[in-house]
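Structure first, then comments.
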């Protein structure tokens, strides 16, 4: 899917482009509102993400312009303004959602998925075509339960064919949907990707014409001989790795370290740029002291503080971001600053400069829970390698949790299915047929207690082991969980080995009951 990002913060552009590309989105980037209008009106996008404070044309005005011209593309606003009036202005202008900086990138990705899902009401959490399964949430693909290793472009091509399975896609349409506007591939590039994708599908057991060609017109997915109904299909979301006596639990930590390394490399170029931007704020101090500060320069200073707040927040520099945010609030007044405010302005700018200059290396995120695993080897269990890997389904609206838990459980050979939309619960439950269910409590539309009660009153599912995983640690909530039928209760944050052992204990009890 193709996204237009309208943002003038280079750091945020780098972080978002990297994250969105990793999730197989095609991203076009422009840095001012006028270019945002030029691209958004000239090319077809599935989503537009735009900042509110932009050069030439602000985000609110750009959003209004799109809506007044009849464009219905979903729009997600980004801003550091957390006031309810700013949110109301954005939504009234026609935006579909609103995210305040600094934000967690996983949360933003989840908002994007939700908007794309909403704009395509027929979308299904798991895309299935005969024996082919593509999971958009984890970007995993399998054919006849065999995992397929695809390049980014091969994955995007397959997803496009699945989502438009009733449509003959021409080479021009594929080029327009899967390549950004600054790339100029030829139709031969499309043929090459189709050929490689076919080869990988055939190697996994698909027929050679699984992706069919109508010469001179385009490509489509050939209907399978027998279409398995979605509610009866067995659709594991994650292909399990072979279990090991010593689980390789460093993968999640390595990913965190790689992301931290990426931010540190980015900071090498961002730090001098941020210090250079501060010179505008020092000039504002000089102008205010001499009585020559005019509205245009105060606006420039406000925009500089706004950009610094976004940059520093993205880099995870909380103290520096708060200082920049205070400067932004001080400078955004409709009235010119008075000399009485000079001391406050100068103190904030000096403190911000010190904070940026003293930051040479970003510190890693707390990994104590993960590092403690190495000392817990005595409690590691080993799955019977002759058995089918147990299927675990996790339902939680915390997308960050949904991304980390499968990685923490992967070394024990579980097949993990994650779901962030409880309204799709019964559909995915029937499709996956899990051996164990992990539920959060507080979720939109349907909470975990309601889902657990419904399971216990359903003859087909009343014996399914249910574990609650929640941030709520009070005894009353835990008692309520057991009262509605929970088998176990764990509190977040959870160590992978603890969750794996609890799951294994429930499975052993189920097996013991079955063999009585």
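Backbone N, Cα and C atoms are what each Cβ position is placed from, and that goes for glycine too.
Nobody curates TrEMBL annotations by hand; they come from automatic prediction.
Residues or ranges marked as DNA-binding region by TrEMBL: 124-223.
Residues or ranges marked as domain 'Response regulatory' by TrEMBL: 2-116 (among others).
Annotation source TrEMBL lists domain 'OmpR/PhoB-type' at 124-223.
The domain 'HPt' feature in TrEMBL is assigned to 256-370.
What TrEMBL records for 391-507 (among others) is domain 'Response regulatory'.
Among the features that TrEMBL reports, 4-aspartylphosphate is placed at 51 (among others). Listed in sequence order, 6, 7, 8, 9, 59, 77, 78, 79, 310 are the same-chain residues six or more apart from residue 51 (4-aspartylphosphate) with CB atoms under 8 A from its CB. Secondary structure at residue 51 (4-aspartylphosphate), as computed by DSSP, is strand.
All protein chains shown were included, and the count of other CB atoms within 10 Å of the CB of residue 306 (phosphohistidine) stands at 25. For 306, the entry in TrEMBL reads phosphohistidine.
In the three-state DSSP reading, residue 440 (4-aspartylphosphate) counts as coil. The 4-aspartylphosphate annotation in TrEMBL covers 440 (among others).
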Stretch of maximal Cβ-Cβ contact with the domain 'Response regulatory' (391-507) [cut-off: under 8 Å; candidates 2-116, 124-223, 256-370]: 124-223
Length of the line joining the Cα atoms of residue 440 (4-aspartylphosphate) and residue 306 (phosphohistidine), in Å: 36
The domain 'Response regulatory' (391-507) [mean pLDDT, rounded to integer]: 84
Counts of helix, strand and coil residues, the domain 'Response regulatory' (2-116), according to DSSP: 54 helix, 24 strand, 37 coil
Residue counts (helix, strand, coil, in that order) that DSSP gives for the domain 'HPt' (256-370): 91 helix, 0 strand, 24 coil
